[in-house]
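Peer 1: Let me give you the structure first, and then I'll get to my questions.
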């Protein structure tokens, strides 16, 4: 639909001139026709699949580009932001000067000038009191489709007099030739100005930069108001009991929160305020590598008309080879949240969480499939944000790569990690919430813990049977492990049982414990961090 109150003249205020036409808040049918326009070339062009969803390629960037992320350092951000060049912890918040910002802004506005543009007005945040009104400006139809899927779609009434709090200008086709002189990482850039409230994108076509860009902004604004901002999925049971699932990419956030027995609040980004837990988004962004109808039926059936596939292999007959990771292992699909049947309606929010689940995919095979955390262990493991990946090599040698990502989302944090931990703990204490560490990764057999066992573990957490189970303590990590759980193979609950000998586990566990201790060093420069050391592994 075209709304008369947004004209090319209005865009001059942003520095975008001589716009040929504005396609404002296009319908899904309009986007479908635009994406499949045979006149399109390169990465603008979509391909129709037999599932009804359009598939696109995002070019050389098949994931985010954290090394190309910058934030303007000015009076707004100087003393509040977690900068990459201050303190012990590493992060991606590289400072940008006002001068370089103006240059980058000029590149993007020049790129968008004289074009036919898609403008999508959305909300970020399901709670009307704290949501951001976000305007996306792009020349690429599928990028407009992506944000229409991923953000909250305003009603026609809400669009009347829509005033954006934040503007995202996507100039994917332009790059910065002066990057070397400006001391930047490359010709590509994802830059934020929290005073002007603008995000600029140049050189990368990856849709996730728009999604995670707004997450970084919410991560700045909300905790300063005492509201938890979380990289997690969330769902609610029949009795109104809310659970949140923290975890890095590939640990099972989307899969485990999409549960036929519970209604989905959202799969990736949430806030927690005085009313309860609310989704930031209006869609889901699921990994599709090795997707099968049998293992993940809800996600598979969500891939239909209006869903948008990224970087998958589409065969000549229009069928999708979900097993093919030749372009990237990070193949994805975005779809509006209502493509999942069992969701919270009409607004993606619910009450206070009583179960907080930290998901880790431990490729070292050391951590138990589930353990119950004390209050201090909750903060320790939240700040550690551990997972580990298996990296394949030509000869099949697979050495695990550890990842410690503060708050299970360090790439998106704009404040110091301890600020998120403090707000989360306050919210948990007020709600009487309990935290658990769930390992969805590997054990001593070299096999990944089955989705079936993990789902049974999650059920035991959610129905309270884990809280009533007898527990024993795992050495080194001092984790409380249940002796048995309904529907779970008792043998695997103690990770030592999956090794040929307890000594083998001990050796690997000692190596992993050292990594935890080394990583946590960066928090010991504050009294609060120092106090948490005892909640971690002890050698």
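Think of each number as a place in line: the chain as shown, counted from 1.
Just so you know, glycine gets a Cβ as well, placed from its N, Cα and C.
Below are the features I grabbed from Swiss-Prot:
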- 64, 206, 212, 332: substrate binding site (BINDING)
- 212, 231, 247-255, 296, 332, 448-449, 454: ATP binding site (BINDING)
- 212, 231, 268: Mn(2+) binding site (BINDING)
Peer 1: If I take the alpha carbons of residue 251 (ATP binding site) and residue 206 (substrate binding site), what is the distance between them in whole Å?
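Peer 2: Residue 251 (ATP binding site) to residue 206 (substrate binding site), Cα-Cα distance: 21 Å.
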Peer 1: If you run the three-state DSSP split on residue 249 (ATP binding site), which class comes out?
Peer 2: coil
Peer 1: Among the binding-site residues 253, 255, which residue has the largest number of other Cβ atoms within 10 Å of its own Cβ?
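Peer 2: Going through 253, 255 one by one, the largest Cβ count within 10 Å is at 253.
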Peer 1: In whole Å, how far is residue 253 (ATP binding site) from residue 212 (substrate binding site) when you measure between their Cα atoms?
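Peer 2: Residue 212 (substrate binding site) to residue 253 (ATP binding site), Cα-Cα distance: 16 Å.
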Peer 1: To the nearest Å, how far is the Cα of residue 449 (ATP binding site) from the Cα of residue 206 (substrate binding site)?
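Peer 2: Roughly 31 Å, rounded to the nearest whole number.
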Peer 1: Among 64, 206, 212, 332, the annotated substrate contacts, find the widest CA pair distance and round it to a whole Å.
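Peer 2: The substrate-binding residues span at most 14 Å between Cα atoms.
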Peer 1: Using a 10 Å cut-off between Cα atoms, which of these binding-site residues sit near residue 253 (ATP binding site): 64, 206, 268, 332?
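Peer 2: Correct set: 268.
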Peer 1: What does the structure give for the C-alpha distance between residue 332 (substrate binding site) and residue 255 (ATP binding site)? Integer Å is fine.
Peer 2: 13
Peer 1: I'm trying to understand the geometry here, so how far is the Cα atom of residue 255 (ATP binding site) from the Cα atom of residue 268 (Mn(2+) binding site), in Å to the nearest whole number?
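Peer 2: About 11 Å separates the two Cα atoms.
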Peer 1: Are there any residues in the same chain, six or more apart in sequence, whose C-beta is under 8 angstroms from the C-beta of residue 231 (Mn(2+) binding site), and if so which?
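Peer 2: Result: 215, 246, 268, 269, 407, 408, 409, 412.
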Peer 1: Looking only at Cβ atoms, how many others are within 10 Å of the one on residue 251 (ATP binding site)?
Peer 2: 22
Peer 1: Write down the Cα-Cα distance for residue 249 (ATP binding site) and residue 64 (substrate binding site), rounded and given in Å.
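Peer 2: That comes out at 12 Å between the alpha carbons.
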Peer 1: Neighbour count, 10 Å Cβ-Cβ cut-off, for residue 332 (substrate binding site): what number do you get?
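Peer 2: Here the count is 23.
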Peer 1: Across all chains shown, how many C-beta atoms besides its own are within 10 angstroms of the C-beta of residue 212 (substrate binding site)?
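Peer 2: The answer is 23 other Cβ atoms.
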Peer 1: Can you list, in sequence order, the residues of the same chain other than 212, 231, 268 whose CB lies within 8 Å of the CB centroid of the Mn(2+) site?
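Peer 2: Nearby residues not in the site list: 211, 215, 269, 409, 412.
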Peer 1: With H, G and I counted as helix, E and B as strand and the rest as coil, say where DSSP puts residue 231 (Mn(2+) binding site).
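Peer 2: DSSP call for residue 231 (Mn(2+) binding site): strand.
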